[in-house]
Structure formats: C-alpha cells, structure tokens
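Visitor: As listed in TrEMBL for this protein:
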- A:Cys114: active site (ACT_SITE)
- A:His255: active site (ACT_SITE)
- A:Asn285: active site (ACT_SITE)
- A:108-187: domain 'Beta-ketoacyl-[acyl-carrier-protein] synthase III N-terminal' (DOMAIN)
- A:240-328: domain 'Beta-ketoacyl-[acyl-carrier-protein] synthase III C-terminal' (DOMAIN)
- A:256-260: region 'ACP-binding' (REGION)
Amino acid sequence: MGQRRATITAVGHYVPEKVLTNFDLEKMVDTSDEWIRTRTGIRERRILEKGATSDLAVEAIKRLFENSGVAPDEIEVLIVATVTPDMFFPSTAAVIQEKLGLKKAWGFDLSAACSGFIYALITGAQFIESGNYKKVLVVGADKMSSIVDYTDRNTCVLFGDAAGAVLLEPTDDPEYGIIDHVFYMDGSGGKYLYMPGGGSLNPPSHETVDKKMHYIYQDGRAVFKVAVVGMADVSAEIVERNGLTGKDIDWLVPHQANLRIITATAERMGLDLSKVMINIDRYGNTTAATIPLCLSEYWECGKLKPGHMVVMSAFGAGYTWGAVLMRWSLPNPPKPRPDVARYCEEMDSRRFEMVEELKIKNEVGK
Amino acid sequence: MDIEAKVKQIIVNKLNVSEDKVVPEASFINDLGADSLDTVELVMEFEKEFGIQVPDEDAEKIRTVGDAINYLKQKLGQA
Ligand SMILES: CC(C)(COP(=O)(O)OP(=O)(O)OC[C@H]1O[C@@H](n2cnc3c(N)ncnc32)[C@H](O)[C@@H]1OP(=O)(O)O)[C@@H](O)C(=O)NCCC(=O)NCCS
C-alpha cells in the first residue's frame, strides 16, 4: 500500500470590492504610481471597508463550497493562517465555524505571517497523512488594512485585504498531492518586520496608540535582501532534492510581496515567467492570502490543471520561509464562472505588460 | 579576470547597459538607469561573486562604478 497523501480537492477565494489604486494613494501620501509600479509591480489593492478577517474568510470558503459541492458539516478541521485575527480570542477559526455552521469541525489559528498559508497547508496535511481526518479546510486570510498606517508611504502602498481557502483530502494515488516541503525560521529577523504593540509585551495603552505601535513596522531594504535570497534558494532546494529541474515545474506559486522578488526567484529556478503565477498587480501583498488566491484564480480560469507540478514558496516576518512541492489533482470547472471571465481574459496580457514594464529580461531557461 | 573587469561585467549584466557606458564616473542611479532596489541587488551580486559581506553603511556609499571598483579592491586587499 502506498503512503497516504493529502491533496487539494477544492479551492475558493474572495477579494473585497473596494479598489484602492496607486493614484488614490498619491492623494494620501507623497508617492507616485510610477514609483510603486516599478519598485513592486503593484497597481491596486482591495480594501475591506466593513467587517473583519473572518468575513473575508467566510466568503472565500462559501465560494469553495460552491465550486465543489462540499457541505459545511463535512468539514472536520479548520486551520486559519492570519496575522490579523478578528481578536486575540476566541480564534478566528471559531468565529468562522459559527458564521458558516461548520458543526463537526474543530480548529485553530496559525501565525506565520506571509508564510502562514504554506505552514498551515502542511500542518493540515499531517492530519490527513496520519489517517485521523478526511476533510481539512485550510484558509489564508488577512485584513492588512487594519494594521497599515495610511500616512506611512513605506508600507501603505504594499498591502491589501483578501482570503483564499483550500480543502485537503486523502488520496491513494501516489502520483498526486503534496509531495514535499522545506520550511525554515530565523527569529533573528524579527526586528525588521513586525507590529510592536497590542500583545503582552506592549499591551494597548494611550502611549502605544500615540507612538503608532499598532501598525506594521518594516525595514524594507533589509527584508528585500533576505527575501530575494531566501525565497529563491528554498524554491531551488525543493526542486533539486526531489530530483527535478525547472523544466519539470509547471507552476511556481510565489508569495506576492514584490514582483522583483518573484522574478528573481523564477530566474534562480530557471523558470520562464510564463510559468509563474502573478496577481500582485491587482491585489498587492495580502499576507497569508496570496498563495491560495493565486491557486484559486488560476484554477478557476483553467490554467492550473490536473497533473501540473506546482511549487509554492513564501517568505515573511519571523523570518519564516519555505516551499511546498505538489502535483495538482483537481479537475477544472467545465467552464469558467461568468463572474471571472474578465480577469481570466486579462490574466496573461496584464502579466506580460507588467513584466515588460519592469524591463526584466528572463533569459534563463531559453 | 581582474577585479575591475569583473565588476564591469556584473554591472553590464545586472543593469542591462552597454559596456561603453560603464565608466568609473558613471552613477548607477543618475547615468545607468538603476533605481534604489537595483543598487541593492547590485551590491548583493558583488557579495556573491566576490564572496564578501558589504555592510549597509558601506553599501550606501557605493554610488558610482568607480566607487564599486575602489571599494572591492580595498576589501580584497588589492588597492
Ligand atoms: C518596500 C520596498 C519596495 C522599498 O524599496 P527600497 O528601494 O528598499 O526603498 P527604501 O526604503 O530604501 O527607500 C528609498 C527611497 O524611496 C522612498 N520611498 C519609500 N516608499 C515610497 C513610496 N511609496 N513612494 C515614494 N517614495 C518612497 C523612501 O523614503 C526613500 O527615500 P529617501 O532615499 O529620500 O530617503 C522594498 O524594500 C521591498 O519590497 N522590500 C521587501 C518588502 C517585502 O517583501 N515585505 C514583505 C515580506 S513578506
């Protein structure tokens, strides 16, 4: 008997309706569309005006149910990766359970910032591989706008709100599912990207509010240097240690923090950019949501197909970073939902426009 | 390859500029079309190619091709 593996058997995502463009930001802080686009690849991001992270997650999971026909009371475990929980406790998982009536589920939140989704995915996969559970829901959701200082141009241009969800189930077919992961953590990086206030170290007070300690602090340059190397190295490592090369990879699904980090990772893996999922232009960095948001959009558009070899990789606060290798098994929808037709059509053209604009010449692998 | 030639080669590749523009007085940002992140990546490339560490306070002072060549020569004890 082959080893029991976990595979993704349903996906869904949600982005709020309100769009905040670079031009809107020009009116709020001293910045420019040109600066933001050339440094990061971001053109616009979504903002949740009313509601919390759980509301983003609930919409993403509802879509997963619509896409798959799975019922709420079939879910056994719910893991929510987020750095913007509705509140410290109860967990966002508990809030979501109540809102969706996931009667049979138990669950918890997982905090690993931008690596949150891949950490949660592998954590969820363990429950399947152990043989103890058959349906584990893994969500990445963040309302970053709740911890962004919209007077700080260093950070406010980067982040957005979104959620993505995947369902894990066992598969006996050794060809498919989650094959391997490589994870790292280096706590010495904590000081370069963090939110100082609100926890037990600096509990909320007039002072923490006055000192803006409830917002993201980031040393962008320091993070950029380690993220470029970290994400590229771990992505290359997982490919090599499975006896594969860039040619065997159908999709790189990188955390969407900065287009320049993404292209550097692709280059290091010898991957053409046509094999890299990119939607940072429309959503910015949505922290735990970036990877499931990509998976869901590309799957709904029929671009991510059964049999595809996929590498997901992320780098984030902690520092935490890592990569997951899987072979996709979920058949595509017979035809794209009408509400996604527009972004499906634009997907390729927008991406190449973006890459062209940054004058990034991806000579590798040709 | 000597340090100067190697530095120039790295700059040509990284910034996609023609070799004749890579003269000692050329500024990465003002003359060679680099932005702030390109200069970060360029220094990272020097670190990798020459097997050295460049502290941030040094990196900030490397603004021209000549700065880079002099810094690396000094660092590698060939000044
Ligand atoms: C954030 C990031 C785009 C900034 O780019 P950078 O080139 O490092 O920018 P710096 O912070 O060095 O700032 C360079 C200049 O641009 C300015 N600047 C910063 N943000 C700006 C903005 N939005 N608009 C205009 N100018 C801006 C700075 O004030 C600075 O000006 P100065 O030289 O006059 O002081 C980049 O560092 C980055 O992407 N880092 C990684 C972030 C990341 O991935 N984080 C998440 C990991 S999960």
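From the backbone N, Cα and C atoms, a Cβ is placed for every residue, glycine too.
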Visitor: Just to verify a number: CA distance, A:Asn285 (active site) to A:His255 (active site), in angstrom, no decimals.
Guide: 8
Visitor: Does DSSP put A:Cys114 (active site) in a helix, in a strand, or in coil?
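Guide: Going by the DSSP assignment, A:Cys114 (active site) falls within a helical segment, counted as helix.
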Visitor: Using Cβ-Cβ distances, find the residues under 8 Å from A:His255 (active site) that belong to the same chain and are at least 6 apart in sequence, listing them in sequence order.
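Guide: Within the chain, A:His255 (active site) has Cβ neighbours under 8 Å at A:Cys114, A:Ser115, A:Met231, A:Asn285, A:Thr290, A:Ile291, A:Ser313, A:Ala314, A:Phe315, A:Gly316.
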Visitor: Summarise the domain 'Beta-ketoacyl-[acyl-carrier-protein] synthase III C-terminal' (A:240-328) as counts of helix, strand and coil residues per DSSP.
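Guide: Secondary-structure composition of the domain 'Beta-ketoacyl-[acyl-carrier-protein] synthase III C-terminal' (A:240-328): 37 helix, 22 strand, 30 coil.
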Visitor: Within 10 Å of the Cβ of A:Asn285 (active site), how many other Cβ atoms can you find? Include all protein chains, please.
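Guide: Step by step: centre on the Cβ of A:Asn285 (active site), count other Cβ atoms within 10 Å, giving 24.
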Visitor: In the domain 'Beta-ketoacyl-[acyl-carrier-protein] synthase III N-terminal' (A:108-187), how many residues does DSSP put in helix, strand and coil?
Guide: 25 helix, 32 strand, 23 coil
